[in-house]
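Working notes for the structure below.
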Amino acid sequence: MHTLLAFIFAILILVSLHEFGHYIVARLCGVKVVRFSVGFGKPFFTRKRGDTEWCLAPIPLGGYVKMVDTREGEVSEADLPYAFDKQHPAKRIAIVAAGPLTNLALAVLLYGLSFSFGVTELRPYVGTVEPDTIAARAGFQSGDKIQSVNGTPVADWGSAQTEIVLNLEAGKVAVGVQTASGAQTVRTIDAAGTPEAGKIAKNQGYIGLMPFKITTVAGGVEKGSPAEKAGLKPGDRLTAADGKPIASWQEWANLTRQSPGKKITLNYERAGQTHTADIRPDTVEQSDHTLIGRVGLRPQPDRAWDAQIRRSYRPSVVRAFGMGWEKTVSHSWTTLKFFGKLISGNASVSHISGPLTIADIAGQSAELGLQSYLEFLALVSISLGVLNLLPVPVLDGGHLVFYTAEWIRGKPLGERVQNIGLRFGLALMMLMMAVAFFNDVTRLLG
(Lines of atoms letter the chains of each structure in order from A and count residues from 1; the text may use other names and numbers.)
(Lines give C-alpha, C1' and ligand atoms only; values in the text may rest on other atoms or scores of the structure.)
Protein backbone atom coordinates (compact mmCIF):
# COMPACT_ATOMS: atom_id res chain seq x y z
CA MET A 1 0.00 0.00 0.00
CA HIS A 2 2.87 2.36 0.85
CA THR A 3 4.46 1.73 -2.56
CA LEU A 4 1.13 2.21 -4.36
CA LEU A 5 0.43 5.52 -2.61
CA ALA A 6 3.95 6.81 -3.34
CA PHE A 7 3.52 5.87 -7.02
CA ILE A 8 0.04 7.39 -7.38
CA PHE A 9 1.16 10.63 -5.72
CA ALA A 10 4.16 10.81 -8.07
CA ILE A 11 1.95 10.33 -11.14
CA LEU A 12 -0.58 12.90 -9.92
CA ILE A 13 2.16 15.49 -9.39
CA LEU A 14 4.22 14.88 -12.53
CA VAL A 15 1.37 14.30 -14.99
CA SER A 16 -0.78 17.10 -13.58
CA LEU A 17 2.01 19.65 -13.92
CA HIS A 18 2.99 18.38 -17.39
CA GLU A 19 -0.58 18.81 -18.59
CA PHE A 20 -0.95 22.09 -16.72
CA GLY A 21 2.01 23.39 -18.74
CA HIS A 22 0.07 22.64 -21.92
CA TYR A 23 -3.11 24.08 -20.41
CA ILE A 24 -1.76 27.40 -19.17
CA VAL A 25 0.12 28.20 -22.39
CA ALA A 26 -2.93 27.19 -24.46
CA ARG A 27 -5.04 29.65 -22.48
CA LEU A 28 -2.38 32.36 -22.86
CA CYS A 29 -2.41 31.73 -26.62
CA GLY A 30 -6.19 32.10 -26.76
CA VAL A 31 -7.01 28.41 -27.30
CA LYS A 32 -10.17 26.99 -25.72
CA VAL A 33 -9.51 23.96 -23.50
CA VAL A 34 -12.45 21.55 -23.28
CA ARG A 35 -11.04 18.93 -20.88
CA PHE A 36 -8.09 18.51 -18.51
CA SER A 37 -7.67 14.87 -17.44
CA VAL A 38 -5.19 13.18 -15.13
CA GLY A 39 -5.30 9.47 -15.94
CA PHE A 40 -6.94 7.55 -18.78
CA GLY A 41 -10.28 5.75 -18.99
CA LYS A 42 -13.76 6.74 -17.84
CA PRO A 43 -13.45 9.59 -15.31
CA PHE A 44 -14.53 8.86 -11.74
CA PHE A 45 -14.36 12.55 -10.84
CA THR A 46 -15.36 15.55 -12.97
CA ARG A 47 -15.85 19.21 -12.26
CA LYS A 48 -16.67 22.00 -14.72
CA ARG A 49 -15.02 25.39 -14.30
CA GLY A 50 -15.56 27.91 -17.06
CA ASP A 51 -15.08 26.22 -20.44
CA THR A 52 -12.98 23.36 -19.04
CA GLU A 53 -14.02 20.02 -17.56
CA TRP A 54 -11.48 18.83 -14.96
CA CYS A 55 -11.25 15.03 -14.62
CA LEU A 56 -9.58 12.24 -12.69
CA ALA A 57 -9.53 8.85 -14.46
CA PRO A 58 -8.62 5.39 -13.08
CA ILE A 59 -5.57 4.46 -15.20
CA PRO A 60 -2.68 6.50 -13.72
CA LEU A 61 -0.30 6.13 -16.67
CA GLY A 62 -0.62 9.62 -18.12
CA GLY A 63 -3.11 12.35 -18.85
CA TYR A 64 -4.22 14.76 -21.54
CA VAL A 65 -5.53 18.22 -22.35
CA LYS A 66 -8.32 18.29 -24.95
CA MET A 67 -8.55 21.55 -26.90
CA VAL A 68 -11.05 22.74 -29.48
CA ASP A 69 -9.75 21.35 -32.80
CA THR A 70 -11.54 21.13 -36.16
CA ARG A 71 -9.62 17.93 -36.98
CA GLU A 72 -11.35 16.11 -34.13
CA GLY A 73 -14.96 17.03 -34.80
CA GLU A 74 -17.36 19.78 -35.72
CA VAL A 75 -16.57 23.16 -34.18
CA SER A 76 -19.09 25.97 -33.89
CA GLU A 77 -18.49 29.18 -35.80
CA ALA A 78 -18.06 31.06 -32.53
CA ASP A 79 -15.27 28.71 -31.38
CA LEU A 80 -13.26 28.69 -34.62
CA PRO A 81 -10.94 31.55 -33.54
CA TYR A 82 -10.11 29.54 -30.39
CA ALA A 83 -9.37 26.22 -32.16
CA PHE A 84 -5.87 24.82 -31.67
CA ASP A 85 -5.34 23.93 -35.33
CA LYS A 86 -6.29 27.44 -36.45
CA GLN A 87 -3.45 29.06 -34.49
CA HIS A 88 -0.13 30.19 -35.96
CA PRO A 89 2.51 27.38 -35.86
CA ALA A 90 4.55 29.39 -33.35
CA LYS A 91 1.65 29.31 -30.88
CA ARG A 92 1.13 25.57 -31.40
CA ILE A 93 4.86 24.98 -30.86
CA ALA A 94 4.72 26.94 -27.60
CA ILE A 95 1.67 24.99 -26.38
CA VAL A 96 3.16 21.60 -27.21
CA ALA A 97 6.62 22.38 -25.79
CA ALA A 98 5.17 23.74 -22.54
CA GLY A 99 4.41 20.28 -21.10
CA PRO A 100 7.88 18.71 -21.23
CA LEU A 101 9.57 22.02 -20.41
CA THR A 102 7.39 22.22 -17.29
CA ASN A 103 8.70 18.79 -16.28
CA LEU A 104 12.30 19.94 -16.69
CA ALA A 105 11.63 23.15 -14.74
CA LEU A 106 9.93 21.09 -12.03
CA ALA A 107 13.04 18.88 -11.78
CA VAL A 108 15.20 21.95 -11.12
CA LEU A 109 12.83 23.02 -8.33
CA LEU A 110 12.62 19.54 -6.77
CA TYR A 111 16.39 19.06 -6.79
CA GLY A 112 16.90 22.58 -5.45
CA LEU A 113 14.44 21.97 -2.63
CA SER A 114 16.11 18.67 -1.74
CA PHE A 115 19.63 20.14 -1.82
CA SER A 116 18.56 23.07 0.37
CA PHE A 117 18.07 20.56 3.23
CA GLY A 118 21.65 19.34 2.82
CA VAL A 119 23.82 17.41 0.37
CA THR A 120 25.80 14.21 0.86
CA GLU A 121 28.31 13.39 -1.86
CA LEU A 122 30.34 10.22 -2.27
CA ARG A 123 33.77 10.78 -3.77
CA PRO A 124 34.54 8.34 -6.63
CA TYR A 125 36.75 5.99 -4.60
CA VAL A 126 36.51 2.21 -4.84
CA GLY A 127 36.07 0.75 -1.37
CA THR A 128 35.26 -2.88 -2.13
CA VAL A 129 35.65 -5.07 -5.22
CA GLU A 130 33.52 -8.21 -5.14
CA PRO A 131 35.46 -11.27 -6.33
CA ASP A 132 34.57 -12.93 -9.64
CA THR A 133 32.66 -9.94 -11.04
CA ILE A 134 33.04 -7.66 -14.07
CA ALA A 135 34.92 -5.15 -11.90
CA ALA A 136 37.27 -7.75 -10.43
CA ARG A 137 38.21 -9.07 -13.88
CA ALA A 138 38.93 -5.50 -15.02
CA GLY A 139 41.55 -5.26 -12.27
CA PHE A 140 39.91 -2.70 -9.96
CA GLN A 141 41.51 -2.47 -6.53
CA SER A 142 40.31 -1.07 -3.23
CA GLY A 143 41.55 2.52 -2.97
CA ASP A 144 41.27 3.30 -6.70
CA LYS A 145 39.98 6.81 -7.37
CA ILE A 146 37.90 6.87 -10.57
CA GLN A 147 38.77 10.01 -12.55
CA SER A 148 37.25 9.43 -15.99
CA VAL A 149 35.17 6.99 -18.04
CA ASN A 150 35.98 6.81 -21.76
CA GLY A 151 37.54 10.26 -21.44
CA THR A 152 34.57 11.84 -19.63
CA PRO A 153 35.64 13.31 -16.25
CA VAL A 154 33.61 12.18 -13.23
CA ALA A 155 33.34 14.06 -9.96
CA ASP A 156 31.38 11.68 -7.73
CA TRP A 157 30.45 8.03 -7.32
CA GLY A 158 27.01 8.37 -8.91
CA SER A 159 28.29 9.94 -12.13
CA ALA A 160 31.11 7.36 -12.36
CA GLN A 161 28.66 4.47 -12.03
CA THR A 162 26.25 6.02 -14.55
CA GLU A 163 28.97 6.55 -17.17
CA ILE A 164 30.27 3.00 -16.77
CA VAL A 165 26.82 1.43 -17.13
CA LEU A 166 25.94 3.72 -20.05
CA ASN A 167 29.02 2.60 -22.01
CA LEU A 168 29.25 -1.02 -20.87
CA GLU A 169 27.31 -2.62 -23.74
CA ALA A 170 28.87 -0.49 -26.48
CA GLY A 171 32.32 -2.11 -26.22
CA LYS A 172 35.42 -1.73 -24.08
CA VAL A 173 35.16 0.88 -21.32
CA ALA A 174 38.38 2.67 -20.36
CA VAL A 175 38.20 3.82 -16.74
CA GLY A 176 40.99 6.20 -15.75
CA VAL A 177 41.95 5.76 -12.10
CA GLN A 178 44.48 6.94 -9.58
CA THR A 179 45.59 3.95 -7.51
CA ALA A 180 46.00 3.95 -3.74
CA SER A 181 49.75 4.50 -4.27
CA GLY A 182 49.09 7.59 -6.43
CA ALA A 183 49.92 6.02 -9.81
CA GLN A 184 47.79 6.81 -12.86
CA THR A 185 46.44 3.81 -14.78
CA VAL A 186 43.48 2.62 -16.85
CA ARG A 187 41.16 -0.23 -15.88
CA THR A 188 39.54 -1.68 -19.01
CA ILE A 189 36.10 -3.27 -18.72
CA ASP A 190 35.44 -5.65 -21.60
CA ALA A 191 32.00 -7.14 -20.92
CA ALA A 192 29.96 -6.20 -24.00
CA GLY A 193 27.89 -9.12 -25.23
CA THR A 194 28.41 -11.25 -22.12
CA PRO A 195 25.53 -12.70 -20.05
CA GLU A 196 26.72 -10.61 -17.09
CA ALA A 197 26.36 -7.37 -19.06
CA GLY A 198 22.77 -8.29 -19.83
CA LYS A 199 22.01 -8.57 -16.11
CA ILE A 200 23.36 -5.13 -15.20
CA ALA A 201 19.95 -3.43 -15.52
CA LYS A 202 18.33 -5.99 -13.21
CA ASN A 203 21.15 -5.43 -10.70
CA GLN A 204 20.56 -1.63 -10.74
CA GLY A 205 23.92 -0.97 -12.41
CA TYR A 206 25.98 -3.10 -10.04
CA ILE A 207 29.17 -4.49 -11.63
CA GLY A 208 30.97 -5.55 -8.45
CA LEU A 209 32.16 -2.14 -7.23
CA MET A 210 31.14 -0.52 -3.95
CA PRO A 211 32.30 2.83 -2.58
CA PHE A 212 32.29 1.52 0.99
CA LYS A 213 34.76 -0.77 2.70
CA ILE A 214 33.31 -3.47 4.88
CA THR A 215 35.16 -5.10 7.75
CA THR A 216 35.12 -8.65 9.09
CA VAL A 217 33.16 -7.37 12.11
CA ALA A 218 29.48 -8.30 12.45
CA GLY A 219 27.37 -5.17 12.24
CA GLY A 220 23.99 -6.85 12.69
CA VAL A 221 22.51 -10.25 13.51
CA GLU A 222 19.04 -11.16 12.25
CA LYS A 223 16.59 -12.54 14.79
CA GLY A 224 16.02 -16.27 14.51
CA SER A 225 18.91 -16.68 12.06
CA PRO A 226 21.60 -19.39 12.22
CA ALA A 227 24.04 -16.69 13.37
CA GLU A 228 21.86 -15.74 16.35
CA LYS A 229 21.29 -19.39 17.24
CA ALA A 230 25.07 -19.88 17.24
CA GLY A 231 25.43 -17.05 19.77
CA LEU A 232 26.97 -14.39 17.53
CA LYS A 233 26.45 -10.72 18.42
CA PRO A 234 27.11 -7.34 16.76
CA GLY A 235 30.76 -6.40 17.26
CA ASP A 236 32.12 -9.94 16.94
CA ARG A 237 35.18 -10.09 14.64
CA LEU A 238 35.28 -13.14 12.36
CA THR A 239 38.78 -14.62 12.22
CA ALA A 240 38.60 -18.11 10.66
CA ALA A 241 36.18 -20.60 9.11
CA ASP A 242 36.87 -24.34 9.05
CA GLY A 243 40.44 -23.59 10.08
CA LYS A 244 41.16 -21.08 7.29
CA PRO A 245 41.74 -17.36 8.10
CA ILE A 246 39.01 -14.96 6.94
CA ALA A 247 40.77 -12.11 5.09
CA SER A 248 37.63 -10.25 4.00
CA TRP A 249 33.88 -10.29 4.45
CA GLN A 250 33.54 -11.34 0.81
CA GLU A 251 35.40 -14.58 1.58
CA TRP A 252 33.00 -15.30 4.44
CA ALA A 253 29.95 -14.41 2.33
CA ASN A 254 31.11 -16.64 -0.53
CA LEU A 255 31.71 -19.55 1.85
CA THR A 256 28.25 -19.32 3.41
CA ARG A 257 26.55 -18.96 0.01
CA GLN A 258 28.30 -22.10 -1.21
CA SER A 259 27.45 -24.10 1.94
CA PRO A 260 23.65 -24.39 2.21
CA GLY A 261 22.79 -26.76 5.05
CA LYS A 262 26.45 -27.61 5.72
CA LYS A 263 28.10 -27.09 9.10
CA ILE A 264 30.78 -24.36 9.27
CA THR A 265 33.11 -24.08 12.26
CA LEU A 266 33.63 -20.37 12.88
CA ASN A 267 36.28 -18.68 15.04
CA TYR A 268 35.61 -15.14 16.20
CA GLU A 269 36.87 -12.57 18.71
CA ARG A 270 34.75 -10.82 21.31
CA ALA A 271 36.21 -8.42 23.86
CA GLY A 272 39.72 -9.73 23.15
CA GLN A 273 38.80 -13.38 23.66
CA THR A 274 38.58 -16.07 20.97
CA HIS A 275 35.40 -18.13 20.67
CA THR A 276 34.25 -20.97 18.43
CA ALA A 277 30.77 -21.69 17.09
CA ASP A 278 29.23 -24.15 14.66
CA ILE A 279 26.88 -22.56 12.11
CA ARG A 280 24.69 -24.36 9.61
CA PRO A 281 23.49 -21.86 6.93
CA ASP A 282 19.81 -21.90 6.01
CA THR A 283 19.09 -23.18 2.51
CA VAL A 284 17.53 -20.54 0.25
CA GLU A 285 16.24 -21.27 -3.26
CA GLN A 286 16.84 -18.48 -5.79
CA SER A 287 14.66 -17.61 -8.78
CA ASP A 288 16.83 -19.78 -11.06
CA HIS A 289 16.29 -22.70 -8.62
CA THR A 290 19.90 -22.75 -7.42
CA LEU A 291 20.40 -23.23 -3.68
CA ILE A 292 22.51 -20.87 -1.57
CA GLY A 293 23.33 -20.64 2.11
CA ARG A 294 22.31 -17.76 4.39
CA VAL A 295 23.38 -17.18 8.01
CA GLY A 296 21.80 -13.77 8.80
CA LEU A 297 24.93 -11.72 9.49
CA ARG A 298 25.46 -8.16 8.24
CA PRO A 299 28.94 -6.61 8.03
CA GLN A 300 30.05 -3.43 9.78
CA PRO A 301 31.36 -0.70 7.46
CA ASP A 302 34.81 0.80 7.88
CA ARG A 303 33.89 4.10 9.55
CA ALA A 304 37.28 5.74 8.95
CA TRP A 305 37.02 5.04 5.21
CA ASP A 306 33.40 6.20 5.21
CA ALA A 307 34.46 9.55 6.69
CA GLN A 308 37.14 9.88 3.99
CA ILE A 309 34.83 9.38 0.98
CA ARG A 310 31.68 11.04 2.29
CA ARG A 311 31.20 14.80 2.14
CA SER A 312 28.14 16.38 3.74
CA TYR A 313 27.29 20.07 3.66
CA ARG A 314 24.36 22.48 3.42
CA PRO A 315 24.56 24.92 0.48
CA SER A 316 22.87 28.31 0.42
CA VAL A 317 19.38 28.40 -1.10
CA VAL A 318 20.71 30.11 -4.25
CA ARG A 319 23.50 27.54 -4.61
CA ALA A 320 21.05 24.67 -3.95
CA PHE A 321 18.85 25.69 -6.87
CA GLY A 322 21.93 26.29 -9.02
CA MET A 323 22.94 22.72 -8.26
CA GLY A 324 19.39 21.68 -9.14
CA TRP A 325 19.84 23.24 -12.57
CA GLU A 326 23.21 21.51 -13.06
CA LYS A 327 21.79 18.15 -11.99
CA THR A 328 18.81 18.52 -14.34
CA VAL A 329 21.05 19.38 -17.30
CA SER A 330 23.37 16.47 -16.48
CA HIS A 331 20.58 13.90 -16.15
CA SER A 332 18.82 15.22 -19.27
CA TRP A 333 22.02 14.79 -21.28
CA THR A 334 22.55 11.29 -19.85
CA THR A 335 18.98 10.34 -20.80
CA LEU A 336 19.50 11.62 -24.35
CA LYS A 337 22.77 9.68 -24.64
CA PHE A 338 20.97 6.54 -23.48
CA PHE A 339 18.28 6.90 -26.15
CA GLY A 340 21.01 7.47 -28.73
CA LYS A 341 22.80 4.29 -27.67
CA LEU A 342 19.49 2.43 -27.67
CA ILE A 343 18.84 3.43 -31.29
CA SER A 344 22.39 2.52 -32.36
CA GLY A 345 22.19 -0.86 -30.62
CA ASN A 346 24.88 0.02 -28.07
CA ALA A 347 22.52 -0.18 -25.08
CA SER A 348 20.20 -2.97 -24.04
CA VAL A 349 16.42 -2.56 -23.94
CA SER A 350 16.62 -4.26 -20.53
CA HIS A 351 17.35 -0.80 -19.10
CA ILE A 352 13.83 0.40 -19.99
CA SER A 353 11.59 0.45 -16.93
CA GLY A 354 7.81 0.39 -16.75
CA PRO A 355 5.23 1.41 -14.13
CA LEU A 356 5.88 -1.59 -11.84
CA THR A 357 9.58 -0.79 -11.47
CA ILE A 358 8.86 2.92 -11.09
CA ALA A 359 6.26 2.14 -8.41
CA ASP A 360 8.77 -0.05 -6.56
CA ILE A 361 11.42 2.69 -6.63
CA ALA A 362 8.79 5.24 -5.55
CA GLY A 363 8.03 3.16 -2.47
CA GLN A 364 11.71 2.61 -1.65
CA SER A 365 12.58 6.30 -2.01
CA ALA A 366 9.59 7.37 0.09
CA GLU A 367 10.71 5.02 2.88
CA LEU A 368 14.18 6.61 2.83
CA GLY A 369 12.72 10.06 3.54
CA LEU A 370 11.58 13.33 1.99
CA GLN A 371 14.86 14.19 0.26
CA SER A 372 15.13 10.80 -1.40
CA TYR A 373 11.52 11.03 -2.62
CA LEU A 374 12.00 14.57 -3.95
CA GLU A 375 15.03 13.44 -5.95
CA PHE A 376 13.10 10.42 -7.25
CA LEU A 377 10.33 12.77 -8.44
CA ALA A 378 12.93 15.01 -10.09
CA LEU A 379 14.55 12.09 -11.93
CA VAL A 380 11.21 10.75 -13.23
CA SER A 381 10.19 14.29 -14.21
CA ILE A 382 13.38 14.59 -16.29
CA SER A 383 12.69 11.24 -17.96
CA LEU A 384 9.13 12.32 -18.73
CA GLY A 385 10.27 15.67 -20.11
CA VAL A 386 13.10 14.31 -22.27
CA LEU A 387 11.02 11.38 -23.55
CA ASN A 388 8.23 13.71 -24.65
CA LEU A 389 10.69 15.95 -26.50
CA LEU A 390 11.97 13.10 -28.67
CA PRO A 391 11.01 13.66 -32.34
CA VAL A 392 8.61 10.71 -32.43
CA PRO A 393 5.09 11.26 -33.80
CA VAL A 394 2.40 10.86 -31.07
CA LEU A 395 4.86 12.40 -28.58
CA ASP A 396 5.12 16.15 -28.04
CA GLY A 397 8.46 16.15 -29.86
CA GLY A 398 6.87 14.64 -32.97
CA HIS A 399 4.24 17.37 -33.04
CA LEU A 400 7.00 19.97 -32.63
CA VAL A 401 8.63 18.57 -35.79
CA PHE A 402 5.34 18.77 -37.72
CA TYR A 403 4.59 22.35 -36.64
CA THR A 404 8.17 23.54 -37.21
CA ALA A 405 8.06 22.07 -40.73
CA GLU A 406 4.73 23.83 -41.33
CA TRP A 407 6.17 27.15 -40.15
CA ILE A 408 9.19 26.80 -42.47
CA ARG A 409 7.20 25.56 -45.49
CA GLY A 410 4.28 27.93 -45.02
CA LYS A 411 1.84 25.01 -45.16
CA PRO A 412 1.27 21.77 -43.22
CA LEU A 413 2.92 18.51 -44.17
CA GLY A 414 0.70 16.30 -46.30
CA GLU A 415 -2.00 14.37 -44.46
CA ARG A 416 -0.57 11.07 -45.76
CA VAL A 417 2.90 11.89 -44.41
CA GLN A 418 1.47 12.84 -41.03
CA ASN A 419 -0.66 9.68 -40.84
CA ILE A 420 2.31 7.45 -41.69
CA GLY A 421 4.37 9.23 -39.05
CA LEU A 422 1.64 8.85 -36.43
CA ARG A 423 1.23 5.14 -37.18
CA PHE A 424 4.98 4.64 -36.93
CA GLY A 425 5.15 6.60 -33.67
CA LEU A 426 2.21 4.71 -32.19
CA ALA A 427 3.74 1.34 -33.12
CA LEU A 428 7.09 2.39 -31.64
CA MET A 429 5.51 3.52 -28.37
CA MET A 430 3.41 0.35 -28.11
CA LEU A 431 6.57 -1.71 -28.61
CA MET A 432 8.41 0.34 -26.00
CA MET A 433 5.56 -0.10 -23.51
CA ALA A 434 5.52 -3.87 -24.16
CA VAL A 435 9.28 -4.06 -23.53
CA ALA A 436 8.89 -1.99 -20.35
CA PHE A 437 6.14 -4.27 -19.00
CA PHE A 438 8.17 -7.36 -19.94
CA ASN A 439 11.21 -5.98 -18.09
CA ASP A 440 9.03 -5.16 -15.08
CA VAL A 441 7.67 -8.70 -14.93
CA THR A 442 11.10 -10.32 -15.31
CA ARG A 443 12.52 -8.08 -12.54
CA LEU A 444 9.52 -8.93 -10.36
CA LEU A 445 10.17 -12.64 -10.88
CA GLY A 446 13.84 -12.15 -10.05
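Yeah, the Cβs are placed from backbone N, Cα and C, and that goes for glycine too.
Taken straight from Swiss-Prot:
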type: BINDING; residues: His18, His22; note: Zn(2+) binding site
type: ACT_SITE; residues: Glu19; note: active site
type: TRANSMEM; residues: 93-115; note: transmembrane segment
type: DOMAIN; residues: 100-181; note: domain 'PDZ'
type: TRANSMEM; residues: 376-398; note: transmembrane segment
type: TRANSMEM; residues: 419-438; note: transmembrane segment
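Annotated features, which come from Swiss-Prot, shown on the structure.
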{"residue": "His18", "record": "Zn(2+) binding site", "Cβ contacts under 8 Å, 6 or more apart": "Gly63, Gly99, Pro100, Thr102, Asn103, Leu384, Gly385, Asn388"}
{"residue": "Glu19", "record": "active site", "Cβ contacts under 8 Å, 6 or more apart": "Phe36, Ser37, Val38, Gly63, Tyr64, Val65, Gly99"}
{"residue": "His22", "record": "Zn(2+) binding site", "Cβ contacts under 8 Å, 6 or more apart": "Val65, Ile95, Val96, Ala98, Gly99"}
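Secondary structure at His18 (Zn(2+) binding site), as computed by DSSP, is helix.
With a cut-off of 8 Å between Cβ atoms, the residues of this chain six or more beyond the transmembrane segment (419-438) that come close are 349, 352-356, 392-395, 398, 402. DSSP states for the domain 'PDZ' (100-181), grouped as helix (H, G, I), strand (E, B) and coil, give 33 helix, 20 strand, 29 coil.
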